[in-house]
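Peer 1: Quick one: the structure is below, questions incoming.
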């Protein structure tokens, strides 16, 4: 966009969750892109998913979730702090996300989520996530597998969360730590002194190349020969120190019980079939045989 004075211009960028993460007002510590992308992938978020989040905080992750599950998905996000809840609700409304995001002030560690059989995935960013795991389990859809993630800065929190996940029957419990490492790619010259000296002497003897005459074409050069003539190559290097720890990400899987996937009639038929296949004699048959 050109300025009114015609002396400069401004770039107008389409708003995205990534830009919002970089410029949002910080009411709490937030999740950044590395953790956000990793969590979204492992929780198998996609359009139409129903996700539960606690706590909302500054709303960084909420915006990314909303984009991932749109247009038919639903995010239920919980925040125990009244002022942060009001501020986040206003931002969701201003950003056109109120039809996807429902925010509620609630202390889920004490009062639970108050939801059952609705969620595909649950994300817990809480000081004591282990206190909300039992309620999170009740919120999962009973006929489908679900994914849960806890975001904890201390390993002691991870240990207690893993213990609670085990007690509540979750499986495939795994902890990850995201560390961002940049790779600097730079071109460097290939140095072979013997070939360099030989090539320099040949250039001195032959001088400059003669111009092509009419009808004369360049000689075709093979890929191998072309590679040999390239005087530079690309190399990458990483910094000696890797800094970037934010928190530990603990994932687990909710598996519905087998009986929850069977209708009562189907379960009864299955039991009857097994009984018939075993050919167990009844009491009357035993008396007759005697």
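Each residue, glycine too, has its Cβ placed from N, Cα and C.
Unlike curated entries, TrEMBL annotations are predicted automatically.
Checked TrEMBL, it gives:
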- 79, 125: S-adenosyl-L-methionine binding site (BINDING)
- 210-222: compositional bias 'Basic and acidic residues' (COMPBIAS)
- 202-222: region 'Disordered' (REGION)
Peer 1: Would you mind checking how many other C-beta atoms are within 10 angstroms of the C-beta on residue 79 (S-adenosyl-L-methionine binding site)?
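Peer 2: Looking across every protein chain shown, the total is 27.
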Peer 1: Can you check which residues sit near residue 125 (S-adenosyl-L-methionine binding site), meaning Cβ under 8 Å from its Cβ, same chain, 6 or more apart in sequence, and list them in order?
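Peer 2: Non-local contacts for residue 125 (S-adenosyl-L-methionine binding site): 31, 53, 54, 55, 57, 61, 150, 151.
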